[in-house]
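What follows is a single structure, written as structure tokens, with notes after it.
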Amino acid sequence: MKTKNMFIVFVVVAVVQAFVPLKMIYDTEKINDEGVVYKFKTQPIDPNDPFRGKYITLRFEAENFKTTDSLMDMRQDVYVSIEKDSEGYARVKEVLREEPEEGDYFKAETYYFSTNGLRLNFPFDRFYMEESKAPQAEVAYRKYSTAKNPKPAYALVAIKDGETYLKDVIVDDKPIREYVMEQQE
Amino acid sequence: MSSIIKDLPELISHNIISEQTAKNIERYYAAKKEDQGSNTLMIFGSIGAILVGLGIILIFAHNWDNFSKTVKTILAIAPLLLCQIAAGYAIFKNKSQLFKDIAGILLFFTVGSSIALVAQIYNIPGDLEGYLLSWTLLCMPLMYLLRSNMLAFLHLGFITYYAVVAGYFETERPWPYLLLLGAFIPFYLRRLKGHPFGRITSLFNLLFPLSLIITLGAFLAGVGEFGFLVYMALLGFIYNTGLLPKLESRNDYLRLGSVGIAFILLFSSFKWVWEEMETQQVVESYYIILWAILFAGMLYIAIRNGGKQFYKNAFQAVTVLFPVVYLIGMANSVLAAILDNVMVLALGVITVKQGIDKVDFRKLNFGLTIIAALIICRFFDTNMTFALRGVLFVCVGVGFFVANSMLVKKKRANVLNTPEDEN
């Protein structure tokens, strides 16, 4: 191939390379601006990823869905339609095989079925933190949760057209970063 | 080397070698020289660039709390754009290969780091295999555009990594690996054609079959004992490829193939493997098709190499016989286990003999290792007394000493005899 053609192909490749992260940013910013924000009661644990760094994994109360419909396949993609309960926290309204036409919903995965109902995996289960803080977040949360009458920790999630954006994790009414820093002091 | 080239006209004039041979010799040394020319600086430059690239990823993975989201986002995208400009400049101005390699490697890593960092800033979910897949796909054309061997190595390494994560740690079958591997093959073939003797080519000759061996398992989740058969077909394919005249004597296909074949035979020499096989349910057609493709490929190359005598070599014979033993094993596990053990023993003995005949220490010790490994394996599923086990170990140990010292003597005798022969 001639240098000129090579260069043209390279420019195309470079545009695609840059397009991917930029599209990720654009999509998420859109959910952030236009989505409806829900609070999901949660508990954080700390693992890490070789490339993306330390994060806390979130387990949600709402991932346990009481249902008698045991016909769902495991590890199947489903649509979770969501509503707010009397205290303002997110609650699963329905688990659907088809995309709902109205209301707020997102895509999740069925995990397993037990006597307690259906266990789901929500997609927004990773919250990245500075490497020194992620392990401490887990410890701090554990301490916090064993205290007397703690307010529930929750995740702030913006939802729009089936897409989600995990904005922050709140412990004791503060963003978890601040909470961990306060505990360090 | 230069003295050989200088002597070529003389050798031609005395009819010692033909003109064609002289040309071949010249071409060989020219190719070798070219390969060495792009040597030390390129290797260290590339290692440096890889370290810098990995360093960038780690620095970002720290996740700096003090920066705002906007600053973090700019930091995620800016290195990518800078490296793209550098790589684009390298192509446009047709800069040196060193420049291209370093720009390419840095670009490779910044593509990965930009996606990772954006995912981190925005808590975008996604599994590791999906991330590795988009990363390698986005960088796939770079090895061709920058004509960079280093990028081809990175590509091969990362697609293998992807397949391992997807196939071994998750239960997905990593089909995209085949596409990504297909993208690498033309690059590899061009390299084989242009620089068949180059050091970099021989590194490809090692890493390419190694990637195949590692990745096959990623396609075999849940295969059960039939996996031995599929692996044997792949290893036979690799071994026979190593015998191709174009590749022979300067590649790791043979080495990987023979070690792999011996390993599979040893692994399947246990009684319980065959007992389990007797009770195994019907094998899914997917695995049978996979095996058939690999086995047909193996036979095709073997026949192309050796015509009707393609099974003459002990390792080739074993790969053809193994499916037969497997079929027997479906009906009679004891007989199959015995046959398997006989094959391992035969393989070991024949390799030892070849090692002695050809005064090849590597072969001799490889054969002895196979025999020793077979004995150790039998400790686990037979009720030999400790005394007998001890005696066997002593025998094998003595065997190593005796065989090697015999070979040393033989080699000395050969060296001493050679000048006399010439006189």
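Placement of Cβ uses the backbone N, Cα and C atoms for every residue, glycine included.
The domain 'DUF2157' annotation in TrEMBL covers B:11-151.
Residues annotated as transmembrane segment in TrEMBL: B:41-61 (among others). If one looks beyond the transmembrane segment (B:41-61) by at least 6 residues along the same chain, the residues whose Cβ comes under 8 Å of a Cβ in the stretch are 75-76, 79, 97-98, 101-102, 105-106, 108-110, 112-113, 116-117, 120, 150, 154.
Residues of the same chain lying 6 or more positions beyond the ends of the transmembrane segment (B:73-92) and with a Cβ under 8 Å from any Cβ of it are 56, 60, 67, 99-100, 103-104, 106-107, 110-111, 113-114, 117-118, 121, 142, 145-146. Feature annotation from TrEMBL assigns transmembrane segment to B:73-92 (among others).
Per TrEMBL, the feature transmembrane segment maps to B:104-122 (among others). Within its own chain, the transmembrane segment (B:104-122) is flanked in space by residues 46, 49-50, 52-54, 56-57, 60-61, 63, 69, 72-73, 75-77, 79-80, 82-84, 86-87, 90, 131, 134-135, 138-139, 142-143, 146, 148, 150-151, 154, which lie at least six positions past its ends and keep a Cβ under 8 Å from the stretch.
Within its own chain, the transmembrane segment (B:151-169) has Cβ neighbours under 8 Å at 50, 101, 104-105, 108, 128-129, 132-133, 135-136, 139-140, 142-143, 176-177, 180-181, 183-184, 187-188, 191, 203-204, 207-208, 211, 214-215, 217-219, 221, counting only residues six or more beyond its boundaries. Residues annotated as transmembrane segment in TrEMBL: B:151-169 (among others).
Taken from TrEMBL, the feature transmembrane segment covers B:175-191 (among others). A Cβ distance under 8 Å defines the sequence-distant neighbours of the transmembrane segment (B:175-191), meaning residues of its chain 6+ beyond its ends; these are 133, 136-137, 140, 143-144, 149, 152, 155-156, 159-160, 162-163, 166, 198, 200-201, 204, 208, 211, 215, 218.
Look at TrEMBL and you will find B:203-220 (among others) tagged as transmembrane segment.
The transmembrane segment annotation in TrEMBL covers B:226-244 (among others). Residues 209, 212-213, 216-217, 220, 251-258, 260-261, 264, 267-268, 273, 280, 283, 287-288, 290-291, 294-295, 297-298, 301-302, 304-306, 310, 313, 315-316, 319-320, 322-323, 326 of the same chain, all 6+ positions outside the transmembrane segment (B:226-244), place their C-beta atoms under 8 angstroms from a C-beta of that stretch.
Annotation comment: TrEMBL describes B:256-274 (among others) as transmembrane segment.
Annotation comment: TrEMBL describes B:286-303 (among others) as transmembrane segment.
The transmembrane segment feature in TrEMBL is assigned to B:310-328 (among others). With a threshold of 8 Å between CB atoms, the same-chain residues lying at least 6 positions outside the transmembrane segment (B:310-328) that come near it are 228-229, 232-233, 235-236, 239-240, 243, 257-258, 261, 264-265, 277, 295, 298-299, 302-303, 335-336, 339-340, 343, 346-347, 350-351.
Under the heading transmembrane segment, TrEMBL lists B:364-381 (among others).
According to TrEMBL, the transmembrane segment annotation covers B:387-408 (among others).
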Cβ pairs under 8 Å with the transmembrane segment (B:286-303): which stretch of B:203-220, B:256-274, B:364-381, B:387-408 has the most?
B:203-220
Pop the mean pLDDT for the domain 'DUF2157' (B:11-151) in here, whole number is fine.
84
Is it possible to list how many residues within the domain 'DUF2157' (B:11-151) are helical, extended or coil according to DSSP?
112 helix, 0 strand, 29 coil
